[in-house]
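The domain 'ABC3 transporter permease C-terminal' feature in TrEMBL is assigned to A:275-383. Taken from TrEMBL, the feature transmembrane segment applies to A:21-41, A:53-73, A:269-291, A:311-337, A:358-378.
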Amino acid sequence: MKFGLRRQIPLAWCLLTRQPGRLAVALAGICFAGMLMFLQLGFRDALFDASIAIHRLFNADVVLISSTSSSSISMEPFPKRRLFQAASWPEVESISPVRWGLLVWKNPETGSPRGILAVGFDPDDDILSLEGLAEQKKGLQLDQRVLYDRLSRPEFGPVEDWLKSGRTVTAEVRNVRVQVDGLVELGVSFGADGNLLTSNRTFNRLLGSADGSSTSIELGLIRLVPGADPKTVATVLKNALPNDVQVLTKSEFLAFEQDYWRSSTSIGFIFNLGAAMGLVVGAVVVYQILFSDVVDHLPEYATLKAMGYSSMNLVTVILQESLLLAGFGYIPAFFAGKGIYGLTRSATNLPIGMSSRMAVFVFAMIFTMCVISGLLAMGKLRDADPAEIF
Amino acid sequence: MTTLHPTSPHPLVSIAGLNHWFGRGDQRRQVLYQLHLTLNPGEMVLLSGPSGCGKTTLLTLIGALRTVQNGSVEVLGEQLLKARKSVQQRVRRQMGIIFQQHNLLRCLTAAQNVQMGADLVPGLSFGQRRQRSIDLLAEMGLKDHHGKLPSALSGGQCQRVAIARALAANPRVLLADEPTAALDRRTGREVVELLKRMATHHHCAVLMVTHDPRILDVADRLLQMEDGRLTTAQAALQA
Ligand SMILES: Nc1ncnc2c1ncn2[C@@H]1O[C@H](COP(=O)(O)OP(=O)(O)OP(=O)(O)O)[C@@H](O)[C@H]1O
Ligand SMILES: [Mg+2]
């Protein structure tokens, strides 16, 4: 019977729209769930994304790190010699030694100390594809000069404002006075809420080397001749070099950092849990609404059954209600999510935004949530017994 | 088998040897005993009897709302004894039912409520079903009320909408269980007269349970029930 397919009274629509109070509660619940999911998952993705913001910029095909390094916040030194050894391979075009570590920076205004991620490199090398670096890095030839990340958290001091107002900005790093020579734009991450770039020499001095030299580095960048395959070269180097270093292609290096935050910390779990909480709260609200809707209309549903409507027809009505709720609850959640991302971006400098993948994913979750709630509420329809309504 | 109208070739409802029990085990109690009954096209039959004698139970069995346990209940050519769900549904669609409470859907307007009945009729377009609903409401004297929600209508008006809804599915049999019980005397009388007129106009047989002695005169035939048994098999009224 083609009964279900032709146009009929839009019962689900009428049930929802003619009970505006109930509809508002349901939509608020769904909107809340959606917002929470956007917030939690957005943060999760943004943080994972931010954790490799600087890694992405490195100008390298293959990198060396110490075999004991586990992430950007625990970069261990290894002998610089390893990098020079690697340079003897014909596929290697050039190398750049890089120093890397969290150093204590004193806020130039208040003097309060805070760990900042410092990266030291030879100012003649082109190690980061970062806007404005090429022009500014010459200044790092001078000792005790640094470039400051203007996206660093404000707790590090009003460096940008002072610099722009023409002041000479100096600050203490590990009790050595340095001068900020310019600004770059890198962004904060889990590991670092501020960044500064400096020369190898200055970095070594900050660590206490009197003449600014060191036999250790934390990161070795290797660029290959055109046409060489990074994967193959990495394997060759891995076998040839002593195992105090790990040899990674650039994409492995990015994955290495992200994997740390994903698997060695509970950050991912916490955000997923937050999103799941939103889902549960939303599901409970929608279930409650649909359930009480069914209970309130039991005699009416029983009447429909007595008239000859099948249980399937009624199930369809509840399902339609949940789909309508999903659709109409998602729209405000989407815009609220966009708003939250905007606020978060301006407050934290995190690279957070509404991606289409996220938009679709949250919609799918809300959709599933509403359908499951609807299916649970349907159980109550069995109580609509047409024999009991007289 | 006692055939009430032996001249009638195709009774819409014919019941023979119907027994019904409620409960299980020790609690099992018989409420209907060896009922025989037929309902012919165009008839209006009233069923009355003391409270608890089994009138509603009989109505729910004829309406395919309850499974027939024992005996034969043939409605519109379908045997309802241990009938399957699909058969029950088919029978329900060809019958109109009116309850003591109007049981209108609160979220639908009068016309939409009637159309819930009309929507069961196969072959008509949405517009045709809509028009049919509005026409039926007009016939019920609710011409200017079809856009109103049940909450904006009086009890009598709601009951008239419920009758229109029952008739909208083009039923050949109309079952009504004390449709006037929730109405005051005058409104009740009006509703019953309207029901009778509409049933005649739409060629629909009516089986109505009522306690109200003042409306017995609209019946073509009266049935009396006591303790699960039909006592007065036939009491034709000279109208
Ligand atoms: N679902 C049920 N389970 C058990 N017993 C029932 C059930 N429904 C009705 N009964 C019993 O069956 C008997 C007949 O009930 P029924 O509702 O048919 O009476 P009735 O003639 O319609 O009464 P009234 O005039 O009060 O509506 C009553 O004794 C009642 O208690
Ligand atoms: Mg009764």
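FYI, residue positions are counted from 1 along the chain as it appears here.
In case you wondered, yes, glycine gets a Cβ from its N, Cα and C as well.
A quick note: this is a predicted structure, and the numbers were derived from the prediction, not measured.
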Need one number: mean pLDDT over the domain 'ABC3 transporter permease C-terminal' (A:275-383).
92
Positions whose Cβ lies under 8 angstroms from the transmembrane segment (A:21-41), at least six residues beyond its ends:
271-272, 274-275, 277-279, 281-286, 289, 292-293, 325-326, 328-330, 332-334, 336-337, 340-341, 354, 358, 361-362, 365-366, 369-370
Write out how many residues of the domain 'ABC3 transporter permease C-terminal' (A:275-383) are helix, how many strand and how many coil, based on DSSP.
98 helix, 0 strand, 11 coil
